[in-house]
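Student: Reproduced below are the annotations present in Swiss-Prot:
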type: BINDING; residues: 15-22, 62-66, 123-126; note: GTP 1 binding site
type: BINDING; residues: 207-214, 254-258, 318-321; note: GTP 2 binding site
type: DOMAIN; residues: 9-171; note: domain 'EngA-type G 1'
type: DOMAIN; residues: 201-372; note: domain 'EngA-type G 2'
type: DOMAIN; residues: 373-457; note: domain 'KH-like'
Amino acid sequence: MNTSPKTLKTIAILGQPNVGKSSLFNRLARERIAITSDFAGTTRDINKRKIALNGHEVELLDTGGMAKDALLSKEIKALNLKAAQMSDLILYVVDGKSIPSDEDIKLFREVFKINPNCFLVINKIDNDKEKERAYAFSSFGTPKSFNISVSHNRGISALIDAVLNALNLNQIIEQDLDADILESLETPNNALEETKEEEIIQVGIIGRVNVGKSSLLNALTKKERSLVSSVAGTTIDPIDETILIGDQKICFVDTAGIRHRGKILGIEKYALERTQKALEKSHIALLVLDVSTPFVELDEKISSLADKHSLGIILILNKWDIRYAPYEEIMATLKRKFRFLEYAPVITTSCLKARHIDEIKHKIIEVYECFSKRIPTSLLNSVISQATQKHPLPSDGGKLVKVYYATQFATKPPQISLIMNRPKALHFSYKRYLINTLRKEFNFLGTPLILNAKDKKSAQQN
């Protein structure tokens, strides 16, 4: 075990009650030492323990919650601030499922003032779709933030690596390793910017009743698990099926068909709720449209579910062999009625005859790669700079509107922040222009692109 040549490095875990401090302490210590519960303020004393992080011995402190209205709050706060002052690094934990409060921001900045070597740890970000919530914590004004889920063990390894780097402990172990071992540990030059987690692509099949969703599922999986019938609404519970394409697992969910709201009764209301929950876990939606008859208003409303859940999307035109009109007419109508999905790929098929099924499978993987894409920061800023030079931002009542820089803060879907002097002055039409520019420059096939404007002061404060 490696230790610092001097005294042990000390890490203090601070934050308000019930945000997961003790759970993180237990996770890092790999033992259930601190009491954890849903009751705010279970930790009152400072728990101290020597632990090993990737072979390095450090001292970990778990402190009592710093809530303003807590019993003994003054004493606890004083103790916490003393711990912050004496520590080499602070992990300030917040609840990612809650809205940041002014009190929490004030406490964080007070701690940061005492010890700037401080990480903002956003807990309870249980899956990729919840990362957008973490963006709200940019108001804390620190670039040193980490999204984790202690209960799901997500983001813990990245946090530990950052902790060791901040404490200059990784350098110590590297000096002790043989050069050949170090070479074998190095990341190849052509590796992705982010470590790619082994993940199953979750695909929701959506559409109104009797458009052929179950037939599509059967064709994709080559099974007959999903009941196919001419009777509308034979699928009630979402049905999961997993297939393997190369080394990539894809899980399909055949959701219940959606009717007009006025026709939703009894068990179909339950089915609609299950459909919504299934989409919450999905990465990509296959929107199945029946082209044996003209599109209806409900098709457009259902397509909005993909936008609501920020999903990648592929349009599946089923029953193409008995289409109601020529190709050109259908495509023109599709473009007019679904203009907000102009980035979505379109595939024609006849599910019962299993036409173009392999194309759908490979398109899912292609869209998922776009959905997971991260643009290098330098390249992103180069494109944004060129776009603003080509078409300058409109002024705000005669005052200059400027983009300082851009950064992609999340994937699945890609989410980009523009750090500006007047974020509220960014007009919707100019935002759309920038999004279209990014789509043209980078391949975001079938992928929603989220662009937010933030104030420089709130987004980046040392």
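From the backbone N, Cα and C atoms, a Cβ is placed for every residue, glycine too.
Looking at the shown structure, can you explain where the listed features end up?
Tutor: Counting every protein chain shown, the number of other Cβ atoms lying within 10 Å of the Cβ of Asn18 (GTP 1 binding site) is 20.
For the domain 'KH-like' (373-457), the predicted model reports an average pLDDT of 92.
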Student: On a count of neighbouring CB atoms within 10 A, which of the binding-site residues Thr63, Asn210 is highest?
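Tutor: Answer returned by the neighbour count: Thr63.
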Student: Out of Gly15, Asn18, Lys21, Ile125, the binding-site residues in the record, which is closest to Trp320 (GTP 2 binding site) when you go by Cα distance?
Tutor: Ile125
Student: Do you know offhand how many angstrom separate Ile125 (GTP 1 binding site) and Gly207 (GTP 2 binding site) by C-alpha?
Tutor: 30
Student: In whole Å, note down how far the CA of Gly207 (GTP 2 binding site) lies from the CA of Gly15 (GTP 1 binding site).
Tutor: 45
Student: Could you tally the C-beta atoms, other than its own, that fall within 10 angstroms of the C-beta of Lys21 (GTP 1 binding site)?
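Tutor: Excluding its own Cβ, Lys21 (GTP 1 binding site) sees 30 Cβ atoms within 10 Å.
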Student: Nearest to Thr63 (GTP 1 binding site) by Cα, among Gly207, Asn210, Lys213 (binding-site residues)?
Tutor: Gly207
Student: Tell me the Cα distance separating Lys21 (GTP 1 binding site) from Lys213 (GTP 2 binding site), rounded to the nearest angstrom.
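Tutor: For Lys213 (GTP 2 binding site) versus Lys21 (GTP 1 binding site), the Cα atoms are 45 Å apart.
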